Amino acid sequence: MFFAQSWCLCCTTFAVLFCGLFVGSHAMTVNTDTNALPFPWDKIRLPETVKPQHYDLLIHPNLTSLTFTGVVQILIEVEQDTRAIILHSKNLQISKAQLLGSRHPQDLQTSEFEAYEQIALFSDGFTFEKGNHVVHLEFYANLSDSFHGFYKGRYTTNSGEVRMMASTQFEPTHARAAFPCFDEPAFKANFTIRVRRESRHISISNMPKLRTVEMADGLLEDQFDTTVKMSTYLVAFIISDLQSISKKSQHGVEISVYTVPEKISQAEYALNTAVTLLDFYDDYFDIPYPLPKHGEIFLDLAAIPDFQSGAMENWGLSTYRESGLLFDPEKSSSSDKLGITKVIAHELAHQWFGNLVTMQWWNDLWLNEGFAKFMEYVSVNITHPELQVDDYFLEKCFTAMSVDSLTSSHPISTPVENPAEISEMFDDVSYRKGACILNMLRDFLTPEAFKYGIIHYLKTHSYQNTVNAHLWESLTNICTSDELDSGRLKLDGFCSKSRAESPASKWFMEDSVDVQAIMDTWTLQEGFPLITVEVKGQEVTLKQERFLREANSSKTSNFLWQVPLTYITSHSSAVQRFLLKSEKDVLYLPKKVDWIKFNVDLRGYYIVHYKSGGWDALINQLQQNHSVFSSNDRASLIHDIFQLVSIEKIPLDKALNLSLYLSKESEIMPVTQGFNELVPLYKLMEKRNMEELENQLKGHLVKLFKTLIDRQSWSDDGSVSERMLRNYLLLFACIRRYPSCISTATRLFQQWKESDGKMWLPTDVSLVVYTEGARTDEGWDFLLEKYKRSVSPSEKWIIKAALSYSPLAHKLQWLLERTIEGEIIKTQDLPSLVISVSKNPKGFKLAWDFLKTSLLALNLILKLVHEGFWENIALCNTNQNALNIYMHYQSNVQKATQPSSRMAMTHTSGHLIRALL
């Protein structure tokens, strides 16, 4: 599943914090048996002695009454005699339960345990004996009002007609809300799916449609091919009037992109991108895309109008937000193209990592999501080099570090049990930290060795479930794998003696590197190391400790990592390596150096502090000739020094001194990282009414980047990175009221408005122009009308952002209120909108007040804890306001009874504490 920026993480993570305000305690058992026997199972995980083999599922949604009925027959294998079959069901009314036998069906009783979302099937005096059985269940329910399970959606045509549809989102634990099932990832089975529908709709599912049968009542029944063995959370079906375009890949896979009819012209880029990426993965993994076993091979991508996550990797039918799949050549920006390409790359990578090989349980979610996030960059870098995707990888690591530096962080692999805890795993630690440590491991092992290791991992565990250790085994034993793999690798010469002794892989074979020993230190404990470097002559002393923003000695002691260090020096740009295994160690240089720079190109997941003049030497080099360092190295120096300021290892004036070199900088990552570190400083002053100091810092920032700002053209010329940097710089300049920017943006907006929006604007500066126009009531209203009429998801996103950047407080308030209604702006966009308004100096108090009075929208609003909202709200105009907010949440921490609730609350409090400092 893909969560990007404002789309981010699962709603349920924080919702539990306020649930006590609205609901009482749930009844623990609902039992249809008149004797009301106790529920026969007391664990939240299902018994391992009953396993599903095959589901025959019939689903019939009614898009008029917004309900659905269903029938499922499950072939189960009972490994030891049992009196009851335990499986999952949530909000389903079971109307019939039977055990199908060779002679006649046997009626079964059902008992429900709401708290664990389980039902039991049993019959008085009956034992399910060891062997295979078939259970038959009939059920009905309402289509969900949320964005999970089997839920209703709608869209409005250009003519104003509202059309309904139904689609699914089952990850992580919502398949049980669509049909009774064994809803855990390890219970893989085959699925044969049938969908009944009206003739005005179509249905699509994981597999190709075999046939459509006309029923006696005039309905149509689409019958789909049987799936490969897979987990329940990957099942998908959609009933709608979507249309598609198709294209065949070089490997013979028929790929289709589905969207609402009026947006089908925006599907071509996604289709071509999916074809290119699927061919890449087929070749890279040396495993053909593995759906169906016979006949044509299909892969569908569907843009869903009502969709909360960024995207979902359902096997054979991946689903997306419209803005994550549809590209309008006239109105979509370079940033849109990069984002869409990465989302598709992420979901297609899941067809192997997550679908073909699946984590055993949700504690190792990162094996799915970390790998998919990592493969986004590997694949797009090769298939779409013009997008320069490598420029943006280190930002993901910086974001992960910001979360991982809190006491409330968690190990990548963390024990979880209930759905609320599972949902909390869909965070920056699983996604971004997971990707960053894989990138570090790839660099350490060499890209070639890493690739062969993961191919071995995928081939060895196809259609199975894995834990961390399985991956480490495959990456350690590359040249001792099974006959098939070792034969291919030896044919390539990879495992030859000459290769093993080459400098790039000197660790390989003889050195016997223990990958699991190294990586356990990164996956089984939270946080990351701060490496302190002190150079004396040719001797370099190294020390590691946990980097932690909050002072808490109990959270810093006993943390030790095996750190693959890389470094360059003033005398050599050749990358050197050192594996730091202990708290302290020493390495020796061949000669004295002026400076040493660790973590080359941010290949490692750690922060570096240079003592005894080390920082002064690096700052001096930046000011003399910054091009000695790569752009990623320059960005990482900016990042590291400001992080060290936050924990009082370095005075602020030294960090500001380093930032002065930025007046000569032109690359996107160092520039944006400079903004990321400096802008929060004046925002803090802005929200605390420190006007004089605020204006001084704003003026300093404009002066620092003035030369670069003045060089920007109001066009779509240049590389993707240059175009994205242009948007960033011009937006900053106009918001900070830089005269030349204001005059150009105002002129362009007026011309665009006079043309009734028909004049073409360069896509990469349209946000700047719209934002300037939104400063007046007339301009704001005009933009809103264009938002209502637009059929381009990219254009709607840009206009919505511009509206939220407006200084007009009454317009911001109106925007928040309308979004909760979902008529003009979809409720799925509420979290991103509240975040955007909270970053507006005229809107952060409005956002907080809105949040306090809109708690009934918990499933949308309260996921903001993962998206940076709290830092903006907490930076109030007075310390007292921030303190009031902090105390409000502290009181709720004490009320929270579930560990998952307390964990989320502690995470929130951490943000607020930092804001108060």
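In case you wondered, yes, glycine gets a Cβ from its N, Cα and C as well.
Keep in mind that this is a model prediction, so the values were computed, not measured.
Annotated active site, proton acceptor per TrEMBL: GLU347, in sequence order. Under the heading Zn(2+) binding site, TrEMBL lists HIS346, HIS350, GLU369. Look at TrEMBL and you will find 51-234 tagged as domain 'Aminopeptidase N-like N-terminal'. Per TrEMBL, the feature domain 'Peptidase M1 membrane alanine aminopeptidase' maps to 269-479. The domain 'ERAP1-like C-terminal' annotation in TrEMBL covers 595-855. TrEMBL lists 1-27 with the feature signal peptide.
Recorded features from TrEMBL, shown on the structure.
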| residue | record | contacts (Cβ under 8 Å, 6+ apart) |
| --- | --- | --- |
| HIS346 | Zn(2+) binding site | PHE2, ALA311, GLU313, ALA372, LYS373, MET375, GLU376 |
| GLU347 | active site, proton acceptor | PHE2, LEU301, ALA311, MET312, GLU313, SER318, TYR320, ALA372 |
| HIS350 | Zn(2+) binding site | GLU313, SER318, ASN368, ALA372 |
| GLU369 | Zn(2+) binding site | MET1, GLY354, PHE426, SER430, TYR431, GLY434 |
Quiz item: From the centroid of the CB atoms of HIS346, HIS350, GLU369, the recorded Zn(2+) site, which same-chain residues not already listed sit within 8 A by their CB, in sequence order?
Solution: MET1, PHE2, GLU313, GLU347, ALA349, PHE353, GLY354, ASN368, PHE371, ALA372, LYS373, MET375, GLU376
